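S.K.: This structure is in structure tokens; I'll ask about it shortly.
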């Protein structure tokens, strides 16, 4: 027993050191032990009640959240299934839903395209996310993705299928080892949102970032022309396996790629001008044009006289008319020109069936304003609500349609077959209900001429068509113009086009840029916001070519074997002082770039007189014999820094005053524009597994809201029926059940622990 310490002088109420121990009786000790045990049990019971009350509260919240999410998904499923029957889309219900959507003004999908008769892709872009939906006429696996050049190697793919009610979905890529089967990415950057199949179709909806920041396996979705890859097969992989070699016959499942622009497009639903009594429709067709044999080009001109448009109308849409599926392969461009004046040749041509454009002597000057322009791959163009192209017989009654025929992939086995006749053309829609602004077309670029030289065997050749500040300063209104759409054109070796804008000596962001252009798809792009251009701006069409596959030089011209560098812009308000704003390297620049000092006078063919080592050589021979491999740098520097001839024409066949005597030079830019690529950290998704379920309710609540489809946006038979699987609802139910069972097990274990403590 411890001894008490010696007392010190302290206040009576304060005691230092441990208190003195006193002896207790056994009965008192027993009573104290029982009291402590009862207190401990009471504390445990209170702890049990508090903890379990809190956990029961959490459990109720979990169940309520699960029921609410399941109800939302079930409602969405019922909307889809309610608009269709088991065999296809219910016409009455679909019409009702479409009418309701139209009445509410809510968008359905931004864009939709049929890649073939059995495969439709729909998409919507919200901020930096893009959501796709595949509707494919198959009960096997489907795939959709992107390729940098149309080849399988390096392709970025999303693959999925539905098997026994379970959706399988993976982010994949095609390796460069020659195997066409896409393999699963180590980083899963595509998120499944919905998957089902019915008696005929498989439907998958999924989301990804425009730029997933995974350049090793994914392709960023930009304003460039994308090469869309798609595939589908009648069978699913066995047992849902995603291991290499389990995808049935991928080489045959792939279909030919389609070049397409995904971002700068007019949104759906487009207006239906044919059902508007205020809209007039006019078909401008060629008449029995004999298509050229082989790969020979043909430029055909057909004049139309429109005399019955007695008051001002606005052109609001145009689209191609194909005479037959065979003629599609021949059509390259269709351009509708507005002709000024009443020349005798215009009236003469209006009475004719048409003629080759080279036989129209004064047409290029009389018909200098472009009304509409269509290129291969385009589905037409719809003007925005703020502008339309003005049409009125008192202003212009003659319209020239120029059609460029050129079959890039001719079947020479049919060379001696009977020539086909074509009656293709343009369908235009115009209305007397005028838009707020008159629209105009301005062509910017390199004038088609032999002085536009592209050397052979080079990966990157830069050409620039300059619209100089003298011409924009003269023609543009004081408040400037608003550019709302752009079409970029090259021919077969063009790879990149940019429309640059320079104000004084500062380069502004490019008006348009495509670093992956495709000759098979050159359409007008609707800019997200109109770009303002002021008088005195310099506009430059910069084109980059890859001539590494060519052994001889390529010259500028109109045929597909020659090259082009043109950017067509649609803008408002319209002005007539400037419709063509091109440039052309000056003859001294061309000669200097080839090491030529002087040409001989009055020589035919053209001969070189100096320097002495080239004297007597023809200009054509110099073009052929020039050492392009070792002297390309000097050539490129001379053409970009040398002088050029501005070509500025207005709608009424007038040259911009003073421009015919100007000699232009490249502008000294003191502040260049550089785009910085910024990749935000990726949101981690589930690692690749053999079964990838849709995201849980918490993730689904963050996905962009997509209104269900009307009859026009569901491929026939693709609607969900009563027999369709709905894995999103089932997966959510399974997830909620697992959480509920886990909570019950936890409560049971904690109760057993409490009973054990009470017994001890």
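Glycine is treated like the rest: Cβ placed from N, Cα and C.
As annotated in Swiss-Prot:
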- 18-34: compositional bias 'Low complexity' (COMPBIAS)
- 339-367: disulfide bond (DISULFID)
- 467-581: disulfide bond (DISULFID)
- 543-565: disulfide bond (DISULFID)
- 117-233: domain 'DOMON' (DOMAIN)
- 78: N-linked glycosylation site (CARBOHYD)
- 198: N-linked glycosylation site (CARBOHYD)
- 223: N-linked glycosylation site (CARBOHYD)
- 668: N-linked glycosylation site (CARBOHYD)
- 1-34: region 'Disordered' (REGION)
- 678-701: region 'Disordered' (REGION)
- 47-67: transmembrane segment (TRANSMEM)
- 740-760: transmembrane segment (TRANSMEM)
S.K.: In whole Å, how far does the CA atom of residue 198 (N-linked glycosylation site) lie from that of residue 565 (disulfide bond)?
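M.R.: Between the Cα atoms of residue 198 (N-linked glycosylation site) and residue 565 (disulfide bond), the distance comes to 49 Å.
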S.K.: Using Cβ-Cβ distances, find the residues under 8 Å from residue 581 (disulfide bond) that belong to the same chain and are at least 6 apart in sequence, listing them in sequence order.
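M.R.: Residue 581 (disulfide bond) has long-range Cβ partners 442, 443, 444, 467, 468, 471, 472, 539, 647, 648.
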S.K.: If one measures from the C-alpha of residue 668 (N-linked glycosylation site) to the C-alpha of residue 223 (N-linked glycosylation site), what distance in angstrom results, rounded to a whole number?
M.R.: 28
S.K.: Nearest of the recorded positions to residue 339 (disulfide bond) by CA-CA distance, picking from 223, 543, 565?
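M.R.: So, spelling it out, the nearest of the recorded positions is 565.
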S.K.: Using a 10 Å radius around each Cβ and all protein chains in view, which of these glycosylation sites has the most neighbours: 223, 668?
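M.R.: Compared across 223, 668, the most Cβ atoms within 10 Å surround 223.
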S.K.: Have a look around residue 565 (disulfide bond) and count the other CB atoms within 10 A of its CB, chains all included.
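M.R.: So the Cβ neighbour count for residue 565 (disulfide bond) comes to 29.
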S.K.: Under 8 Å Cβ-Cβ from residue 543 (disulfide bond), six or more apart in the same chain: what's there?
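M.R.: Same-chain residues close to residue 543 (disulfide bond) (Cβ under 8 Å, separated by 6 or more) are 445, 446, 462, 463, 464, 465, 490, 494, 496, 497, 565.
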S.K.: Rounded to the nearest angstrom, how far is the Cα of residue 223 (N-linked glycosylation site) from the Cα of residue 367 (disulfide bond)?
M.R.: 32
S.K.: If you average per-residue pLDDT over the domain 'DOMON' (117-233), what number do you get?
M.R.: 95
S.K.: For a quick check of packing: other C-beta atoms within 10 Å of the C-beta of residue 198 (N-linked glycosylation site), how many?
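M.R.: Its Cβ has 24 other Cβ atoms within 10 Å.
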S.K.: Around residue 467 (disulfide bond), how many other CB atoms lie within 10 A of its CB?
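M.R.: Taking every protein chain into account, the count is 31.
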S.K.: Once the DSSP letters are reduced so that anything not helix or strand counts as coil, what is residue 543 (disulfide bond)?
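M.R.: Where residue 543 (disulfide bond) sits, the three-state DSSP reduction gives strand.
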